[in-house]
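Here is the structure we will look at, set down as structure tokens.
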Amino acid sequence: MTGDRSGLSMAASDAMRDSGLYHLVSISGTHMGLLVAFVFALVRTGIALVPPLALRVNGKKVAAWIALLAAAFYLALAGRDVATERSFVMVAVMLGAVLLDRQAVTLRSVAIAALIVLVLRPESLVNPGFQMSFAAVAALSVVFGSPWLHGLGGRWRWAVPVVLVIMSSLVAGLATAPYAGAHFNRFAAYGLLANLLVVPAMGVLVMPGAVLLALGAPLGLTQPALLLVELGCRWILLVAEVVAGLDGATGGVVTPPQMVLPLLTLGGLFAILWRGRLRWAGLPVMALALGLWTVAERPALLVAPSGGIMGIMTDAGRVVSRASGDGFVVETWLENDGDAATQEDAAARSGPTLGERTARAEVGGESVLLMRGKQALAGVEGCGGAEILVTDQEADGRPCLVLDATTLRDTGAVAGWTGQDGLRLITAEAIAGDRPWTRPGRHGHPRDLAGDGASP
């Protein structure tokens, strides 16, 4: 409820993530929205049950004010981090629309909330939470603002709540899936099923119990509220464990090219903001973005910033030169490849001649030699017949392109792509760019290594 995950075991955390329920763990618009909805409904219903009061006050606006105060209290309680502030701004704008006798959930409200968040925290634009939250809310606003939805009812009126819950989970899941896949390199195959099973429990048990807990704590009346919260949380964890244990529950997603998410977002915005038939022109743009994603190419060569390990892309996946060491770097490589293998699995794959101290591979028509440790490097004359020498030691004066400890300290990790012109190396420094907040290397500006001896 407050974003404190210290009491959540690693196994439970992994189950929540693999089942697509991790958004219930971190503070998000789901928490703030359920809180505001419960308080708003509770206050408005309470006023309606007292006829003299209902005749004298505007129950809807009173409920909106109290719900806004509850949201502000929750913001102070949970801590003013980026996600909580973003969620508060979103519900505050929508409650403000209610107070002004306007429709609460509209694209205009979503745009105003996004503008406020970006003014307060411009860096939120590239934050996964910002992108996923506003993608979900914008999609829900379009779907639930459609005229055809208001015609639901008749003999099937009893089924409308069920249909709306399913539609909400489906629309939000589809809207956030590209951003989740791009940022976290995974998708939960049964995320829709898991959310359909637990979101009602979150809204009926956990959030109401939390509100009652806050109200009853000063009086020592916490046991009934804690029981509600416990029942809801146990159900959520049970569903997460079962769903995460299903075959094919998770899958890897390759990191898309940089232009994919902007194209996808622009196409989606055009489709929902434009009026008339021209709005469908946004769909080809989105299709183009997804097409570029499907043919995304990963680097054929990756060199860790330590110089002690490298990874080569093969038909079987990426092969790394060591089964241990530089664990975070290798884990990131494999995640970006959309590869669920561990470092040990990647090191055991058949492919280039990669060893603990010495590794050699042919990449893009060029020979790459890795020598780890002083002894290994001392036993090599020149570059050992390779065009590129990688080492975690200092190795100046060699007749080839040298990626040694000194060079890599400045450039960071190095990636190599193959093409018609051979192997092209790009450094992390070059990708970071020459900006005031980036640490300059020896050369004072970002660079690729093509001019230092590698093929262009």
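Even glycines carry a Cβ here, placed using N, Cα and C.
Please treat TrEMBL annotations as automatic predictions, because they have not gone through curation.
Looking at 21-42, 285-306, the range annotated in TrEMBL as transmembrane segment turns out to be 21-42. Of the recorded ranges 21-42, 62-79, 91-120, 225-246, 258-276, the transmembrane segment (187-213) has the largest number of C-beta contacts under 8 angstroms with 225-246. For the domain 'ComEC/Rec2-related protein' (2-277), the mean pLDDT of the prediction comes to 86. Of the recorded ranges 62-79, 158-181, 258-276, the transmembrane segment (91-120) has the largest number of C-beta contacts under 8 angstroms with 62-79. Long-range contacts of the transmembrane segment (62-79) within the same chain: residues 1-3, 27, 31-32, 35-36, 39-41, 43-44, 47, 85, 88, 91-92, 95, 98-99, 211, 214, each at least 6 residues beyond the stretch ends and with a Cβ under 8 Å from a Cβ of the stretch. Counting residues 6+ beyond its ends, the transmembrane segment (225-246) has Cβ neighbours under 8 Å at 12, 14-16, 18-21, 24, 188-190, 193-194, 197-198, 201-202, 204-206, 208-210, 212-213, 216 in the same chain.
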